[in-house]
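Notes for the one structure printed next.
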């Protein structure tokens, strides 16, 4: 029988409190009770008897405006905020204990990283002192510097100078890294201790927080948030004042420090300084700011709108992909595994420095002790590689894919911001982009990227606190980690599909039945389920990159070892960068025909030094012909010309030793971070260098002339000698693009014996004046010339008379003989590749020439400054009809979209309406389909194919928009289930946030004092340690945006859009997550305490 139909027992009375709450009076015992006496007949007595969401006798659910839902146990007269029906609190305790184990491992790994860095710093300081002493002793005698072997790097003045600068830079960099790592260690140590105390406190408290205790915790949290808001305002004021101070200093990146060199180093380079000019012969390559004529105004608007809508769709797709990846990730768990890989990398760097350290002035005991430490370190590294799990590699691949998606999202947001400003400035009469009714608007209700959806930069919210928007490693560390785990994955690289992340080592997740979150929390699993693929078309083991941009995954393809940081097409990148080669024409270049690794002739551009001496080793090498064809997927061997005899220049033994060894190198310049990347991929046909048995081979790379304060010399790890060696090592140099054009890349193949004596067998010198600024990666093969052969040629007697046509050496004779034929063949091949492989202008012009001409203008401006003669023979593709004097084909008349015939009834994304079918009775004209915009919804001039219902008395009569029915909202918005553990974590997190903010404010105040002192002393440039630190360079970049807001308006808008996109990804992740949102939120809260967010770096130590 229902309870309302049951009468109250005798002696009981129902009454109401002053706030309307019902209570019951027992007149017999003269007591009051909140429990209805009839409940003992209708309610279950224990939780075991409860069905569905019932509460047992004596329990009541109540609501507090501040705390939310809480529960009252009238039997014990206590309150609690945990739901007694859900064992979520117990699951939280288990998750916290498991995370403490992971955090302890990460902390111990980072402590070991700090110790290894300390050893590296000690070795670097010893090496710098020894090299500096050698330089001082040998500085006065140039003869003693070159009296030894010219192949020994320790006695080469240029290499020795680069060694000293590199050692100094390494010491300063290691000092800065140790200061930063020390602060990270302190943060993680405090966070670990905080989590440990929370675990102990919550384990002792059986009932958790009561209602009054929870209210007190929330009041304290709110007070700390107010203090954080005030601190953020103070921080912003300090940043503004620093921006004003920084504006008074000169921050030219192309200063003399980047171009620091001696006269000998400039003379030694066989590449001349490039001419700084713009080719304005036709006046069609000058990129303007969309200043089109009046007749192209409409076409320009349409083109920009199309690109704008396409970029918007790309951003939406990238956000969905990022949300899917984040929903499968464990926040904080990957950090410990990444730290272990970083530890392996640091040990490898230490091992490399132990191998290449100079043994001068070392006692025999010190050398033996160093050798023992090196062997012990080799064993540790081998054991660490053997224990690397497959699931770890898979998780790191997904993390690298996420970083790639974040980079694509940054590019897309910058493109949208630029297009938005261009559309606004193009015409004031076009439809406003900020209208909320437009489906493609920046401020639309769904997927908004506008600044209006952003919270204030000084407000404190838990979304900003726990979710770090797109935190990434720095570029150098990211490349090392990716190459490290990619190298470890080669041992078990499967031929078929790769298994999921946790398939082999983690229990699978049970599906949550029903839609209730309470039931989902009752069947919690400790690990999220991983998806096999994010797209039905994606293949994790595909040998070639996918065609769709939505599933681009270069790190999971066969080209991952060659392009760890790039996602564009390799063929397109190589072809585009090749178009920019060889434009100077100021140096006499010849073609050299040499047998390749497979016995096929190679084409090489080389310049022969006129003299013989120490500088003869600086031989410039260019890309071979076959390597370009191989990169494009088509291999065409160079035809051997009749009548050309190699015996005329070389004998049979020496012909294979000269120029036959090749090295594959990828070059890329990152314009955003001002960094130049060098990727040493592999070395082929090493036997041509006459290598001895049981020798280890490494490649030494030097950027000459060396900068005064940057690392400019690198060495790969030594490998056992073989005919083909695969290195896959990347090196990063911080340098400006104008300074890079003045540099030369010297590549040497060296061997090292047990006494740490380095001997160079062969090398090449590559000009960096042709590096693409657009960020395209160019991969090429370079031929290496043997130093032994060159020394032998130098020892031959030279003729005394002046050189003439009859008095040239054998190499020059061969070069002059083959130059004309090679040039002709190269011209034909380059023109065919240019027309067929990279540019597809004819197809685009056939569709819409007026739109395509303007669209290609923004994509070609990178390659218009220096164009090869082969590329100039191609037909003109961009034409300014008002200034160009060449005869060009007449362009079709620009027409409006409604008058242009279309081949298919598809509507562009810039149109809001559907396709309009022209009425047959309207006019006797052609009865074909056309596209138009309607100004009225009830227009009788044409008929909608799917006419929407007419709304009478509508305010907007231009078009009828059906508003979505507003969903019926509950009186209280649905809250996440919160426990005492959640409240405690929130309280400690706000305390940590406030403490970190206080430290950042103190660092900014100290930095302000340094700049004020430097300004008072009359200094014109910023301090050197401030310009060299990567983190402070980012801070200076942010200060530049604060000062020149008009100049960096698009960048600021892009930053706002990225923050909005991060919040959208966070929101979408909660929708796509297969687990309850409470689980993901709790993991973020735990990870916050062990993942430092240092936006303002600590001041570094004093440099050398």
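Every residue, even glycine, has its Cβ placed from backbone N, Cα and C.
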Which candidate, of 336, 425, 459, 919, Swiss-Prot gives the annotation phosphoserine: 919
Segment assigned the feature region 'Disordered' in Swiss-Prot (from 429-449, 471-491, 555-575, 576-596): 429-449
Position flagged as phosphoserine [Swiss-Prot], chosen from 293, 533, 939: 939
From 33, 755, 887, the one Swiss-Prot labels phosphoserine: 887
Swiss-Prot annotation, phosphoserine - which of 141, 452, 690, 710: 141
Selected residue, Swiss-Prot feature phosphoserine, from candidates 358, 891: 891
Residue distribution over DSSP helix, strand and coil in the domain 'C2' (659-782): 8 helix, 68 strand, 48 coil
